[in-house]
Amino acid sequence: MLSSSLSNDNENNRRNYVSKSNKNGLVFECSELKEELKRLSIMNRNNIYSNVWMRNIGFSKQQQVRNYSVLPTNAKKIKEHNKSALDLSGFTPEYIRNFCIIAHIDHGKSTLADYLLKETNTITAELLKDNAQFLDRLQVERERGITVKAQSCAMFYEYNGKKYLLNLIDTPGHVDFSYEVSRSMGACDGALLLVDSGQGVQAQTLANYFLALEENLEIIPIMTKIDQQTAQPELVEEDMTGILGVEKDEIIKVSAKTGLNCQKIIPAVIEKIPAPEPPKVSEGETPGALKSLIFDSWYDEYFGVVSLVYIAQGSVEVGDFIYSHANVKNSAKPTKYQVTKLGIMNPDQVPTDKLYQGQVGYLICGMKSTKEAQIGDTLYIWDSKIEPLPGFKQAKPMVYAGIYPLNTAEFDKLRDVIDKLLLTDRSVTIEKETSAALGTGFRCGFLGLLHMDVFKQRLAQEFTIETIITAPTVTYKIVTKNTGKKTSFNTVEDEIIEYIDNPNDFPENPEAEVYEPMANCTIMTPREFVGDIITLCQERRGVQIHMEYFSAERVSMQYKIPLNEMIYDFFDKLKSMTKGYATLDYEEAGFERSDVVKLTVMLNKDPVDALSYIVHESKAYFKARDVVQRLKKLISRQLFEVNIQCAVGLKIIASEKLKAFRKNVTAKCYGGDITRKRKLLEKQKEGKKKMKQLGSVSVPQDAFTVLFSEGEIEDADLSD
């Protein structure tokens, strides 16, 4: 406990706190203490393993970073902590291996990563018991049991009398996060390709395999979960040799859960995966100059942007002044950054004074926003001349939706937290938009529905802000005939092409040609479910491209399906009808002409912009009936009748009426002339009619959230 006493000296703005529990009776200055606790809480959280791994790889006590769980008592000691850092100069490229783990979802990536951390003494077995899937740090990853963010970790391992630095990157397996995988491969020279011994080669296994081949990575095939009763190692081995083209003697059969045969993995990594090599030097470049690739970043409350970098060439140390190539290219007056902190992830932040060629680590240099820290950018010393590294292909969103704060007063907060979240997820695109029903928000592009759902969950869990996400849609291509508009060359274009991702931008012109995006889908399934899958794909307007039997029981089916037919429940239905055995991978396949229409929802003839949909003409009626029936249950009864309608153009195709509350105005009439009752009823009728003309229907904010879900809806609370 700290007891406080107000000082009466000449410094009126300072308050001193005396620690009764401290043997020396140390006095803390409040201003210094506040700053120390902020900085040291981060240091303590990020460096609790520092002494453990340094002892394990043979560093002396003098070389070890002090344990940050013992808090220093003044600013001078904090500086001493910062000076005490790991020396990585002994790990030249020949003693470095950079690799990632790739696989289909739930094929054992995170479990194998846990084993490697334990085998290299990066973390203890006791700590791992309470923290399975150690590298899955996000709450959403823990709850869903999936990897969302690629995580890196530096491991030290002694092999044949030599110490090696192994940089591991654990990647996601779901197709919605394939951009994370491709980014991670940019910092790697090899990959561990995992295949579940009970499920065999799946759709995302193939997708990741081809990504690794494109990056020229050395691939080590590994069969996982061989200890399970459902394991079929012989059949899966045939799959791997036949589909992936690997040799049987190359496959390492392991159980990461029990550790069976896992001791073969690290030697294979050291022997088979090549050491990192510098890029070729172009004419005019400064020889040996720093080339550092940013392949991930996140926001720290106290230090700003933290960039995860791969040192492709040269070295960087604390105090260096660096430029960002993207900043230099796009700014008339580029910003010069000074490196303030460097380190490696082991698995948390461990400081070092310098990073060398081939190494992976974090870098802090005073960047503050997403515009400054661009994924795929090249960092270099300010006075050198270099050619930038290739970087990454920008992810193209497949699904769009509007995101609005549940509380409209929290728009500024939503803008700030989205900006911070974009540092860790650059595949999301945003654009400000306004809705009459929901207020001001953002139009966001995602790689898939799971990606969108995870993004919303992270907003709620990491930044405590509740949001409304509108119905997802895709990008449509609109082609209209030009009526005489001239270009800058004074010529008339034959047609005008534009792309829209918001239903409210859908053209009213009936002569406009609409093209919808298509997707090439690869479905891997057991043979017994082929018939059901064909029916599902036909219902979603799919066209079969190819079907191949890899074995007596395994089938690969390729379909071209409109992307709009896949973004709702296609994957869920596929999993349900195949008992979870079928897997799906897809990629964009251009645009095709389609008869799609805009579905407008109206309440008492007033359109609700947030409830517009774009659907195929053949399904417009069924969608309209579903929407009006769901709205009828969600909207509370009013004092006047509410007409809920869905229209395509000027034609109403579905309608429901929500009856008004009715007061018994004749309750006080006891017998007498019937004309008195009629007069009261006519007066009430006229009042209701006038109220309907002047009144407006309010849709509760939380009703939008329920409406955009696919579950059953209970009737609205009529007590309001």
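Positions of Cβ are set from backbone N, Cα and C atoms, glycine also.
Among the features that Swiss-Prot reports, GTP binding site is placed at 103-110, 170-174, 224-227. Residues or ranges marked as domain 'tr-type G' by Swiss-Prot: 94-277.
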Which one of these binding-site residues has the most other Cβ atoms within 10 Å of its own Cβ: D106, K109? K109
What residue among the binding-site residues A103, I226 has the most other CB atoms lying within 10 A of its CB? A103
Around T171 (GTP binding site), how many other CB atoms lie within 10 A of its CB? 27
Please classify the secondary structure at D106 (GTP binding site) using three-state DSSP. coil
